[in-house]
Amino acid sequence: MRFQGFWLCLGLLFISVNAEFMDDSVEMEDFDENSEETDELSSEIKYKTPQPVGEVYFTETFDSGRLAGWVLSKAKKDDIDAEISIYDGRWEIEELKENRIPGDRGLVLKSRAKHHAISAVLAKPFIFADKPLVVQYEVNFQDGIDCGGAYIKLLADTDGLNLENFYDKTSYTIMFGPDKCGEDYKLHFIFRHKHPKTGVFEEKHAKPPDVDLKRFFTDRKTHLYTLVMNPDDTFEVLIDQIVVNKGSLLEDVVPPINPPKEIEDPTDEKPDDWDERAKIPDASAVKPEDWDESEPPQIVDSSAVKPDGWLDNEPEFIPDPNAEKPFDWNEDMDGEWEAPHISNPACRIGCGEWSPPMIDNPKYKGIWRPPMIDNPNYQGIWSPRKIPNPDYFEDNHPFLLTSFRALGLELWSMTSDIYFDNFIICSEKEVADRWAADGWGMKILIENANEPSIFKQLMSATEQRPWLWFIYLLTAALPIALIGSFCWPRKVKKKYEDVAFEKLDICKPQTKGALEQEVKEEKAALEKPVDLEEEKKQSDGEIVEKEEEGEPEEKSEEEIEIIEGQEEGNKSNKSGSEDEMKEADESTGSGDGPIKSVRKRRVRKE
């Protein structure tokens, strides 16, 4: 059981490691063709521009190669230098760099470190009423992403909306999509909620997803982002058709939709005599007479002695004798060249002026302070009193947001070649799913077909994780060990199995004179020491002789203990018969007739 449990744990470990490299978020068919077959697959696929099935508010595939209906912004950002305030970032319509499908094009952000703004009007405004909102589009960070976003804005349906003036402060209803800067990976879902009393809009941020978003920014694959808002005030955020975030518009956004009923009174002030001190010095405490505050915390160690070999006149650092002035060193511009300093090899023990080390002063007590006691006048931490919130309201249906009538991308990025494709806004998730299957589904088909084999993925994984070689070797040995354990199981002998219980040897009849002679010889042997080698040979000879007479096999210590236990049991059961044998011996002991004696066979122990 221990053997099988070990390999079971090893198998589970390998599965957990392998899961790190497998995309378990998307359930797609595995393709195991080689590179030639995948090239043929890409050329054989007949791409067809997706067509919406059902009511839609906006669709865009960019397959026509033209930006028909899209408006480039001519606005300028406020509060920044004029040189960088212009939205002069470049957009192009191109196919994907990798895993391209002939005829499938997308909108590509082409400029680095520039502001980009482009927008398009919906076929009809979306009004939040009794139908869900479904927003979906594709993003591919073809060169990865250092710092930048790929989110969209749904621009509010206002009278002053002008797409040529679209900039960062243009009023929007929803902001949705991926964003990254540094190591902060985000998937925004922000909506602007209107205060019913003051009319002021406030941004509400959905809680962050519970999944690691890093791979969606770094794997250079096309990913599908979907937002679903329902009339029951719930929402879902999906990546590649997998829900990564969901919740309630009333409970899972920050700040909350409804303000608190009571707020702190801004006019309330803390009284001057309010005592917030929980502890105060004990006024009745007196400093001890022997308390010396003049002693320093550390003193010179008077017992320290300068180590032998300490060089007082040697510098601790010296110029590097092996250093050479760079060939391009210009003394007029760079100044006089000096060799870098290195540790003085002669200062192995120490160099420079020696001074004894400092140690803690055992007499140090520091400045005396009275002990702290509970404050009898403690009133607690003061806080302003609560008053009814004059701006309080209760909105139990936050889904009813401001309608929108345009979609825009207002982005700044330090990385170029961000690919956008297949925008759709509708009210039915099934319509968006069909749209995704005809567009994004084709891209995933090609990407999976061009994926390297499992073997190549495992080998490439070891470049960053060398410890995986150990897992691979153990995993390779797993089936061999299991087959061996089942085909050639280890034979385990049962305890006491094949133990032969043999009868005690009964010596040949001996005369009384012969017994007396043996007794004399034993006494003589005890009185005269015998050479160890002769004794060993004699004992070996006796054992060999007895083995020839009786049993040819030797018995283990456990078998001897069993035999002795049975002999002791037999003694108690056969006490009557032994008494009779003794009486028979005594009756024949007066003469030289033969007698019988029972002996226990000596067994050599190895």
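Any Cβ shown, glycine's included, is placed from N, Cα and C.
Noted in Swiss-Prot for the protein shown:
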type     : residues      : note
SIGNAL   : 1-19          : signal peptide
TOPO_DOM : 20-466        : topological domain 'Lumenal'
MOD_RES  : Lys124        : N6-acetyllysine
DISULFID : Cys147-Cys181 : disulfide bond
REPEAT   : 263-276       : repeat '1-1'
COMPBIAS : 265-275       : compositional bias 'Acidic residues'
REPEAT   : 280-293       : repeat '1-2'
REPEAT   : 299-312       : repeat '1-3'
REPEAT   : 318-331       : repeat '1-4'
REPEAT   : 335-348       : repeat '2-1'
DISULFID : Cys347-Cys351 : disulfide bond
REPEAT   : 352-365       : repeat '2-2'
REPEAT   : 366-379       : repeat '2-3'
REPEAT   : 380-393       : repeat '2-4'
TOPO_DOM : 488-606       : topological domain 'Cytoplasmic'
COMPBIAS : 545-567       : compositional bias 'Acidic residues'
MOD_RES  : Ser556        : phosphoserine
MOD_RES  : Ser572        : phosphoserine
MOD_RES  : Ser575        : phosphoserine
MOD_RES  : Ser577        : phosphoserine
MOD_RES  : Ser587        : phosphoserine
MOD_RES  : Ser590        : phosphoserine
MOD_RES  : Ser597        : phosphoserine
COMPBIAS : 597-606       : compositional bias 'Basic residues'
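Where Swiss-Prot records a feature, it is marked here on the structure.
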residue : record          : DSSP class
Lys124  : N6-acetyllysine : strand
Cys147  : disulfide bond  : strand
Cys181  : disulfide bond  : strand
Cys347  : disulfide bond  : coil
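Counting same-chain residues at least six beyond the ends of the repeat '1-4' (318-331), those with a Cβ under 8 angstroms from any Cβ of the stretch are 337-342, 344. Broken down by DSSP into helix, strand and coil, the compositional bias 'Acidic residues' (265-275) contains 0 helix, 0 strand, 11 coil. Below 8 A, the CB atoms of the repeat '1-1' (263-276) and the repeat '2-2' (352-365) form no more than two pairs separated by six or more positions in the chain, fewer than 3 in all.
For the repeat '2-4' (380-393), the model's pLDDT averages out at 94. Cβ neighbours of Cys347 (disulfide bond) (same chain, under 8 Å, six or more residues apart in sequence): Leu311, Glu314, Glu316.
Just going by CB pairs under 8 A, the stretch in 299-312, 335-348, 352-365, 380-393 that sits most against the repeat '1-2' (280-293) is 352-365. Counted as Cβ pairs under 8 Å, contacts with the repeat '1-3' (299-312) are highest for 335-348 among 335-348, 366-379, 380-393. Long-range neighbours of Cys147 (disulfide bond) (same chain, six or more residues apart, CB within less than 8 Å of its CB): Lys180, Cys181, Gly182, Ser413, Met414, Thr415. Under DSSP, the residues of the repeat '1-2' (280-293) split into helix, strand and coil as follows: 0 helix, 2 strand, 12 coil. Cα spacing between Cys351 (disulfide bond) and Lys124 (N6-acetyllysine): 85 Å, rounded to the nearest whole number. Per DSSP, the secondary structure of the repeat '1-3' (299-312) breaks down as 0 helix, 3 strand, 11 coil. Other Cβ atoms within 10 Å of the Cβ of Cys181 (disulfide bond), summed over all protein chains shown, number 14. Close to Lys124 (N6-acetyllysine) in the fold, though at least 6 residues off in sequence, lie Tyr57, Arg405, each with a CB less than 8 Å from its CB.
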